[in-house]
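**Q** Below you'll find the structure I mean.
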Amino acid sequence: MDHNKLALPVGTTLDRFIMRKQEDFPYATGELSQLLRDIALAAKIVNREINRSGLIDIAGAYGSQNIQGEDQQKLDVIANIRFIRALRNGGEVCTIISEEDEDMIQTGNNQGKYVVAIDPLDGSSNIDVNVSIGTIFSIYRRISPTGTEGTEQDCLQTGTHQVAAGYVIYGSSTMLVYTTGNGVNGFTYENSLGEFFLSHPHITTPKTGAIYSINEGSSEYFSEGTAAFVAHCKQQGYSARYIGSLVADFHRNLLKGGIYMYPATKKAPNGKLRLMYECNALAFIVEQAGGKSSNGRSRTLEQTPQSLHERSPLFIGSTELVEKAEEFLAAEYSDALASL
Ligand code: AHG
Ligand code: MN
Ligand code: MN
């Protein structure tokens with residue numbers, strides 16, 4: 001492969017970048033490229049809705065709960081509709097898993113080769129207070145033959161099988177960051193032109209960092225290992241940073257170095273975050289950027305998913321910090337074994 005081709009100048013549009021990348025794969029049919037463009041289009045629409053949400057009546061609660069029993073916000077529902085519509089109209093996706101829908105969504109495109117898992121709006125609690133929120137997506141190639149509906153087996157593939165993953169952060173600027181397994185690239189949205197431009201080529205995450213991100217309001221429910229690791233972060237003089245939008249916390253730590261944690265707690269034995277459309281996508285990205293992601297004991301991407309909405313603990317970010325967290329948790333497990 002000619003790596004010079006990948007060294008595109010900053011300022012390249014997302015569409016052009018996707019097209020150039022496709023040229024590196026002579027047998028590519030262009031379907032994945034089209035799928036990424038569909039996601040970018042929906043992201044632009046959702047970005048517009050978010051930007052004006054204070055002006056039109058789409059802030060606040062929708063009045064129902066999703067499959068997780070969490071209150072849906074109006075923007076959760078709007079973002080879900082926008083992404084599903086874009087994926088359905090695009091035609092490359094046979095089946096979607098969404099945080100907002102209990103069952104798999106059959107798009108009716110049985111010829112579609114791909115399955116998408118999506119958290120349409122991440123950081124719901126921050127929607128109404130002008131704090132960064134996001135979208136997370138994960139893409140798999142279906143296993144079942146085309147021409148039929150996608151199956152649960154297509155949807156429940158291990159994270160190592162992802163063909164692409166990414167997120168959109170609706171922040172002080174809106175960015176789309178994605179990987180197709182050949183590095184991570186970030187694109188910043190230019191509002192007046194309506195385009196994403198390559199602004200962060202070849203993102204690599206620092207090997208270590210001085211930021212730890214965890215909801216310490218739950219510390220009463222932390223395991224000994226988690227509590228000990230958080231104490232260690234404080235002893236090291238690390239800064240605590242926690243926005244409460246996974247995408248935003250992850251994005252900051254990806255660029256600056258650090259660790260984000262949503263551990264298993266006594267209240268939530270599998271943590272809170274969802275494996276298929278939160279953990280795996282970010283794990284793929286962080287690994288591609290040179291970082292690490294773990295459930296505290298083993299690699300996130302190797303967990304075998306059992307159900308569409310299952311949860312997993314998450315320790316993600318700079319390799320040295322994630323390994324250190326694993327050390328503290330391993331000590332906890334061996335103590336527990338010794339006391340049996
Ligand atoms: P979502 O809005 O998609 O339900 O995700 C919320 C998640 C995640 O974004 C964030 O990191 C975490 O919930 C915060 O949870 P706590 O309030 O328990 O810290
Ligand atoms: Mn989320
Ligand atoms: Mn969500």
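Note that the numbers count up from 1, one per residue, in the order the chain is shown.
Even glycines carry a Cβ here, placed using N, Cα and C.
Summarising the annotation, TrEMBL assigns Mg(2+) 1 binding site to Glu99, Asp119, Leu121. The feature Mg(2+) 2 binding site is assigned by TrEMBL to Asp119, Asp122, Glu278. Taken from TrEMBL, the feature substrate binding site applies to Asp122, Gly123, Ser124, Ser125, Asn215, Tyr242, Lys272. Residues annotated as domain 'Fructose-1-6-bisphosphatase class I N-terminal' in TrEMBL: 13-201. Here TrEMBL flags 206-329 as domain 'Fructose-1-6-bisphosphatase class 1 C-terminal'.
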**Q** Among Asp119, Asp122, Asn215, Glu278, please name the binding-site residues whose Cβ is nearer than 6 Å to ligand 2.
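**A** Near ligand 2, sequence order: Asp119, Asp122, Glu278.
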**Q** Mind running the binding-site residues Glu99, Asp119, Leu121, Asp122, Tyr242, Glu278 against ligand 3 and keeping the ones whose CB falls under 6 Å of it?
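**A** Result: Glu99, Asp119, Leu121, Asp122.
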**Q** Between C-alpha atoms, which of these binding-site residues comes nearest to Glu278 (Mg(2+) 2 binding site): Glu99, Asp119, Gly123, Ser125?
**A** Asp119
**Q** Measure from the Cα of Asp119 (Mg(2+) 1 binding site) to the Cα of every one of the binding-site residues Asn215, Tyr242, Lys272, then give the nearest.
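**A** Closest recorded candidate to Asp119 (Mg(2+) 1 binding site) by Cα: Lys272.
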**Q** May I ask which of the binding-site residues Ser124, Tyr242, Glu278 have a CB within less than 6 Å of any atom of ligand 1, listed in sequence order?
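**A** Passing the 6 Å Cβ check against ligand 1: Ser124.
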**Q** Would you count the other C-beta atoms found within 10 angstroms of the C-beta of Ser124 (substrate binding site) for me?
**A** 21
**Q** List the Cα distance (Å, whole number) between Glu99 (Mg(2+) 1 binding site) and Gly123 (substrate binding site).
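**A** Between the alpha carbons of Glu99 (Mg(2+) 1 binding site) and Gly123 (substrate binding site) there are 12 Å.
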**Q** Measure the Cβ-based neighbour count of Tyr242 (substrate binding site), defined as the other Cβ atoms within 10 Å of its Cβ.
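**A** The answer is 16.
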**Q** For the recorded Mg(2+) 1 site, whose residues are Glu99, Asp119, Leu121, find every other residue on that chain with a C-beta no more than 8 angstroms from the centre of their C-beta atoms, and list them by sequence position.
**A** Asp76, Ala79, Asn80, Ser98, Glu100, Ile118, Pro120, Asp122, Ser124, Thr135, Ile136, Tyr277
**Q** Per-residue pLDDT averaged over the domain 'Fructose-1-6-bisphosphatase class 1 C-terminal' (206-329) comes to what?
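**A** Across the residues of the domain 'Fructose-1-6-bisphosphatase class 1 C-terminal' (206-329) the model's pLDDT averages 98 on the 0 to 100 scale.
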